[in-house]
């Protein structure tokens, strides 16, 4: 069974092909250079770039797999959450393909896609899933496919957003995560940062205080590499402490870490040392992509979830618990 997945939820145009649960093609057209001059994503520009890139990317994906459109069995796309203009480009394109080919269409939640990318075939729920990216920092208890309980979320900035903002303060490129990580590796010592929300009763996250601390340190002219290292260490410690508290309280010993921040090597090492069974997405599936959307749709189809009606619209706001 061949599944085409499309993701245009933000600034990456993602097209993926999955065959019987295995990723065969995963193509991403990045808009980094376009948005770098603005220090962040400009929604209207993102939508226009998706319009230009998507048809060519779908054509290329099919060619790489040696397929014709009629060889597809399912078509899927991200319905939300995300930038509504960007979402509509991929979502309407996918619905149009499904209609023209008379194939089932699956409207996929963006965060379920990220979880699917890190979820090894055969791993039974329940378990914990941390989704940390430029737009989201959420901790879920995964009870089953399509059944999620939100344990905690960021109160302000997302983890990846904080990395981007600190990178901008340091005069680094966009996206900021890889740039901050690279600079932090150059430092022998870290400037200490306070770890947010220590002692809280729940499982929420907060990164705005770390961003403010970084601003004050930059204004003092302190070494940038040591600053980057201190910020990264505090951000990772915060993520780890909240997740480990949730693991202790719920009794879960299995954790998925998904989203763009999951590619951070220091974060991966921290979680591997935590004594949990930890799973990360394969290389290339941490960032937004279409293959994870195809994976999520394939699993839903295999479990007997009905296709989505073509009348269902895209949405910028969509809690995963309602997916």
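Residue 1 is the first one shown; counting continues down the chain.
Note: Cβ is positioned from N, Cα and C throughout, glycine not excepted.
Now, the feature entries from Swiss-Prot:
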type    : residues                               : note
BINDING : 110, 114, 288                          : Fe cation binding site
BINDING : 131, 132, 133, 134, 135, 164, 177, 264 : substrate binding site
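Projection of Swiss-Prot feature records onto the structure.
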residue : record                 : Cβ within 10 Å
110     : Fe cation binding site : 27
114     : Fe cation binding site : 34
131     : substrate binding site : 28
132     : substrate binding site : 28
133     : substrate binding site : 24
135     : substrate binding site : 20
164     : substrate binding site : 24
177     : substrate binding site : 27
264     : substrate binding site : 25
288     : Fe cation binding site : 27
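Under the DSSP three-state reduction, residue 133 (substrate binding site) is assigned to coil, being neither helix nor strand. On the backbone, the CA of residue 132 (substrate binding site) and the CA of residue 114 (Fe cation binding site) stand 9 Å apart.
What surrounds the Fe cation site, by Cβ distance within 8 Å of the Cβ centroid and not counting 110, 114, 288, is the set 7, 9, 78, 111, 113, 131, 133, 136, 259, 289, 292, 293 from the same chain.
Under the DSSP three-state reduction, residue 164 (substrate binding site) is assigned to helix. The subset of binding-site residues (133, 135, 164, 177, 264) lying with their Cα within 10 Å of the Cα of residue 288 (Fe cation binding site) consists of 133, given in sequence order. Here substrate is bound by 131, 132, 133, 134, 135, 164, 177, 264 per the record. The longest Cα to Cα distance in that group is 17 Å. When the alpha carbons of residue 131 (substrate binding site) and residue 114 (Fe cation binding site) are compared, the span between them is 7 angstrom. Residue 264 (substrate binding site) sits 20 Å from residue 110 (Fe cation binding site), taking the CA atoms of both as reference points. Annotated pair residue 110 (Fe cation binding site) and residue 135 (substrate binding site), C-alpha to C-alpha distance, rounded: 11 Å.
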